[in-house]
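Here is the structure we will look at, set down as structure tokens.
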Amino acid sequence: MPQYKRMDIKETINMAQLPQHVAIIMDGNGRWAKERGKLRVFGHQNGVAAVRDTVEGAVEIGIKFLTLYAFSTENWNRPKLEVSALMELLVNTINKETKTLMENGVKLHAIGDLGKLPDKCRSRLQEAMEKTAGNTNCTLTLALSYSARWEITEAARQLARQVQAGTLSADEIDETTFAQHLATRGMPDPELLIRTSGEQRISNYLLWQLAYAELYFTEKMWPEFRRTDLFEAIADYQKRERRFGLTSEQLTK
Ligand code: IPE
Ligand code: IPE
Ligand code: MG
């Protein structure tokens, strides 16, 4: 940040042009812990504070949808110990953080193959979603046991079933109907994707929904990410020209 002191970054954001939906790939917990001579789980534990501050930051400026990649389909293949520690952390965090969600008017939502989660995890999640269902400031979606290819395949299967049952004709399937069968139905597509830890890839996240998202990568590891980093990403996003296939001249006409 050469131009502004970090404290001032919020002032540089144009509140009239906020993205409605910000998606984040929270990455780098393991490396952050290893750099400190700790176990990977220590990184996940410290990632919770980053989630809390980011959610509060999103509410503070008025982001309506925040979607966090918390656990991918592929993450099930990690060592058993890490997977169970992550599931445990999830249960405890959902318990503890429901209060923060209520205070901030945040509605909790989850997308992914939730049937694969341990029962306790799923029931805690369900409780927190029910408790926060009436909140309207921001929808916080956790992508859990999620992968975009899983989601797209599920949508295709649902549509095929309807065609098979004769309740839908194949010709009626367009981008709108397809999107209505995705886990994110009813949400606007993310305008901005943030990934921490310096990795520059999508890792099977929201492949359909990110079609025209602006991508923002930061070297920061997830446990160190805070609301000012979110604000920096949004300020950067606002400097970009989103052309959607048009020419720059068409946009300024
Ligand atoms: C992100 O951090 C959290 C999850 C994927 C659950 P990582 O655990 O991927 O940390 P790195 O990328 O190995 O440092
Ligand atoms: C992506 O991170 C999934 C989550 C952040 C939950 P990974 O660390 O699993 O992604 P890859 O394997 O490095 O692409
Ligand atoms: Mg990683």
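Numbers run from 1 along the shown chain.
Placed from the backbone N, Cα and C atoms, the Cβ positions cover glycine too.
Annotation comment: TrEMBL describes Asp27 as active site. Here TrEMBL flags Asn75 as active site, proton acceptor. Taken from TrEMBL, the feature Mg(2+) binding site applies to Asp27, Glu214. Taken from TrEMBL, the feature substrate binding site covers 28-32, Arg40, His44, 72-74, Trp76, Arg78, Arg195, 201-203.
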Listed in sequence order, the recorded positions from Asp27, Asn75, Arg195, Glu214 whose CB sits under 6 Å from ligand 2 are Asp27, Asn75
Any idea what DSSP makes of Arg195 (substrate binding site), helix, strand or coil? strand
Who sits close to Gly28 (substrate binding site): which same-chain residues at least 6 apart have their Cβ under 8 Å from its Cβ? Gly43, Thr196, Ser197, Gly198, Glu199, Lys220, Met221, Trp222, Pro223
Students should find that the Cα atoms of Gly30 (substrate binding site) and Glu214 (Mg(2+) binding site) sit apart, in Å rounded to an integer, by 26
Between Trp76 (substrate binding site) and Glu214 (Mg(2+) binding site): CA-CA distance (Å): 28
Where the C-beta lies under 6 angstroms from ligand 3, the matching recorded positions among Asp27, Trp32, His44, Asn75, Arg195, Ile202: Asp27
CB < 6 Å to ligand 1, subset of binding-site residues Thr73, Arg195, Ile202, seq order -> none
